[in-house]
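What Swiss-Prot records for Ser56, Thr57, Arg58, Thr59, Gln83, Arg107, His134, Pro135, Cys136, Gln137, Cys266, Leu267, Arg294 is carbamoyl phosphate binding site, and it gives sequence analysis as the kind of evidence. Per Swiss-Prot, L-ornithine binding site is recorded for Asn165, Asp225, Ser229, Met230, and the stated evidence type is sequence analysis.
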Amino acid sequence: MNHFLDIHKTDTAELRQMMDSAHAMKAARKGRPKGQFDEDQPLAGRMVALIFEKPSTRTRVSFDVGVRQMGGQTMVLSGKEMQLGHGETIADTARVLSRYVDLIMIRTFEEATLLEMAEHATVPVINGLTNRTHPCQIMADVMTYEEHRGPIAGRKVVWAGDGNNVCASFLHAAGQFGFDFTFTGPPTLDPEAEFVGYAREKGRRVSIERDPAKAVAGADLVVTDTWVSMHDPQSARERRHNQLRPYQVNEALMAQAKPDALFMHCLPAHRDDEATSAVMDGPHSVIFDEAENRLHAQKAIMRWCLGL
């Protein structure tokens, strides 16, 4: 039984195994209707719980479709239904769910909730997102880079904006997949030192550059994310926009990167805030391939978790 809690907690060879599996499964589905089962149906007879304390579109749809394509069934549970940690303990919830399902995916706010779920579950647990990390997204991003440009090892990845949970998982991936990483954003939104330190300990070049044009110079991949959350009050939104406006990914900034550089955004996006529509719909952008690859990467993760 394998939990998938964070990229840095998984062996590099096993990450490579998952990545190769994701590429193979995507290729095998070429031309097939979306609702058609995979030929081998590895999840036939299996039940997967999808827990959403924090709501999502891409995570819910991609996991649900992925389980069904592999022949399994899903049970989707919202935060209101679960009341995690309010009443029944997370530990007891994990033990009970383990009697009903074969695999648990949880998208939650606090990392502690994920870790407690994994500690007490007797079935594999997948991190669908926490406020600290988002490993499933980064597996999809690495997959997307590989299918467009080949190995990501030795490449320069630049993150522009807020050093959030997706940025943190990129730093974990830098250490595991062997690419260099530059962050450009305001000092108040730097990624946590723990994540920067991990990548550096793995021998990767990690830099923080306040000038976005200098940061993006020679980049192979430029990545950004939303500046605000749907839950942020208006005052916080205005403050963050003022902080982050200099780090918008626009055509002028992308012109500083390599001519064949890619642009990624995990979506949903606030168009013409963190990135302009000209970039999102332009020749560097692979954002919709990136979104699709959530499906294939997560299918590979589920197979690995179950030893299939």
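For all residues, glycine too, the Cβ spot is worked out from N, Cα and C.
Note that the structure is a prediction, hence the values are computed from the model and not measured.
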When distances run from the Cα of Ser56 (carbamoyl phosphate binding site) to each of the binding-site residues Asn165, Asp225, Ser229, the nearest one: Ser229
Those binding-site residues, out of Arg58, His134, Cys136, Cys266, Arg294, that come within 10 angstroms of Asn165 (L-ornithine binding site) at the Cα: His134
Fewest-neighbour residue among binding-site residues, criterion Cβ within 10 Å, set Ser56, Asn165, Ser229: Ser229
Fewest other Cβ within 10 angstroms of its own Cβ, chosen from the binding-site residues Arg58, His134, Arg294: Arg58
Cα-to-Cα gap, Arg58 (carbamoyl phosphate binding site) vs Asp225 (L-ornithine binding site), nearest whole Å: 15
For Asp225 (L-ornithine binding site), the number of other Cβ atoms found within 10 Å of its own Cβ: 23
Among Cys136, Cys266, which are binding-site residues, the residue with the most C-beta atoms within 10 angstroms of its C-beta: Cys136
Alpha-carbon distance [Arg294 (carbamoyl phosphate binding site); Ser229 (L-ornithine binding site)] in Å: 21
